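According to TrEMBL, the protein carries these features:
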- 37-279: domain 'Aspartate/glutamate/uridylate kinase' (DOMAIN)
- 41: site 'Transition state stabilizer' (SITE)
- 76, 77, 98, 199: substrate binding site (BINDING)
- 260: site 'Transition state stabilizer' (SITE)
Ligand SMILES: Nc1ncnc2c1ncn2[C@@H]1O[C@H](COP(=O)(O)OP(=O)(O)O)[C@@H](O)[C@H]1O
Ligand SMILES: CC(=O)N[C@@H](CCC(=O)OP(=O)(O)O)C(=O)O
């Protein structure tokens with residue numbers, strides 16, 4: 001028979017108690033998110049590191065087996081830039097969005113749907129064979145119009161960049177209902193030219209989908225620790241920020257943080273309870289954000 005004194009001297013029990021604490025810490029979060037949809041946007045530089053892709057895939061598989069309904073929306077800006085470079089096609093960011101010519105659009109569509117989505121789907125399927133790739137062009141998922149203004153409302157020429165005006169989430173909902181893990185590429189059909197596609201910023205698409213699905217949470221991975229109130233001052237990282245304060249900051253934000261901040265606001269305004277920006281360079285940051293009390297990065301609150 002094992003007595004209390006045996007337990008106190010056995011190092012295996014000492015080790016287990018730390019593991020048990022971590023598991024028990026996850027319980028309230030598992031309860032909160034059980035059967036709930038969480039949209040996770042994976043993008044940027046985290047996506048070009050094979051180890052981070054593996055860690056991300058295991059976090060998504062973990063969520064699914066823990067009873068959450070994850071939906072992945074992926075970016076792939078660095079992949080697109082690399083391919084455009086290889087093909088000698090110029091690309092330029094304006095107001096946080098890629099100016100997209102007809103030629104570049106062909107590359108965006110090919111890279112997102114044919115390369116990035118495939119890589120992610122197969123990494124997740126290796127652990128949970130229920131991932132499925134969907135393009136925003138499928139079954140009217142993302143319908144968009146050309147984007148013609150920047151965050152401050154000034155006119156800007158972005159070529160074939162779209163702003164989502166309608167989402168038909170049925171194709172994704174059906175996958176979720178069947179127990180699958182949707183992995184969504186952010187191309188949209190052009191409402192004004194139905195055979196044409198538009199390039200959608202992945203942060204904005206993730207927010208629009210989170211709202212349409214009634215997701216409980218939107219998590220966005222990026223290549224910094226979170227949102228800095230006073231970029232690039234590293235001591236100004238915001239652990240949490242209200243939607244109102246963030247709205248006020250919009251005109252001061254730069255580059256990629258513009259669509260990310262807009263996406264958080266769109267999600268919160270659309271009824272998603274929690275929107276967070278986390279550091280995708282930290283392996284398993286998604287899991288830590290969702291299942292531990294400390295969370296990670298910046299939480300936008302209503
Ligand atoms: N206030 C800010 N806080 C954090 N990052 C900011 C801020 N303003 C601008 N940035 C820039 O935004 C970048 C993140 O956007 P982006 O590169 O598009 O991310 P991703 O590719 O992960 O979607 C950061 O690497 C940083 O250079
Ligand atoms: C209009 C626009 O800027 N579209 C993005 C789509 C991919 C994306 O958003 O990728 P990340 O999340 O990795 O940045 C682009 O062409 O780069």
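Numbering starts at 1 and runs along the chain as displayed.
Heads up, the Cβ atoms here are built off N, Cα and C, so glycines get one too.
Taking CA atoms as the reference points, residue 199 (substrate binding site) and residue 41 (site 'Transition state stabilizer') are 16 Å apart.
In this structure, 76 are the recorded positions from 41, 76, 260 whose C-beta falls under 6 Å of some atom of ligand 2. Checked against ligand 1, the recorded positions 41, 76, 98, 199 give no residue with a Cβ less than 6 Å away from one of its atoms. Rounded to a whole value, the Cα-Cα separation of residue 260 (site 'Transition state stabilizer') and residue 77 (substrate binding site) is 13 Å. Its Cβ taken as reference, residue 41 (site 'Transition state stabilizer') is surrounded by 29 other Cβ atoms within 10 Å in the chains shown. Taking the binding-site residues 76, 77 in turn, the residue surrounded by the fewest other Cβ atoms inside 10 Å of its Cβ turns out to be 77.
What surrounds the substrate site, by Cβ distance within 8 Å of the Cβ centroid and not counting 76, 77, 98, 199, is the set 75, 80, 81, 100, 108, 112, 201, 202 from the same chain. Spatially close to residue 98 (substrate binding site) yet at least six residues away along the chain are 77, 80, 91, 92, 104, 108, 158, 161, 199, judged by Cβ distances under 8 angstroms.
Each residue in the domain 'Aspartate/glutamate/uridylate kinase' (37-279) has a pLDDT score, and their mean in this model is 95.
Across the annotated binding residues for substrate (76, 77, 98, 199), the two most widely spaced Cα atoms sit 12 Å apart. DSSP classifies residue 199 (substrate binding site) as strand under the three-state reduction. Between the C-alpha atoms of residue 76 (substrate binding site) and residue 41 (site 'Transition state stabilizer'), the distance comes to 11 Å.
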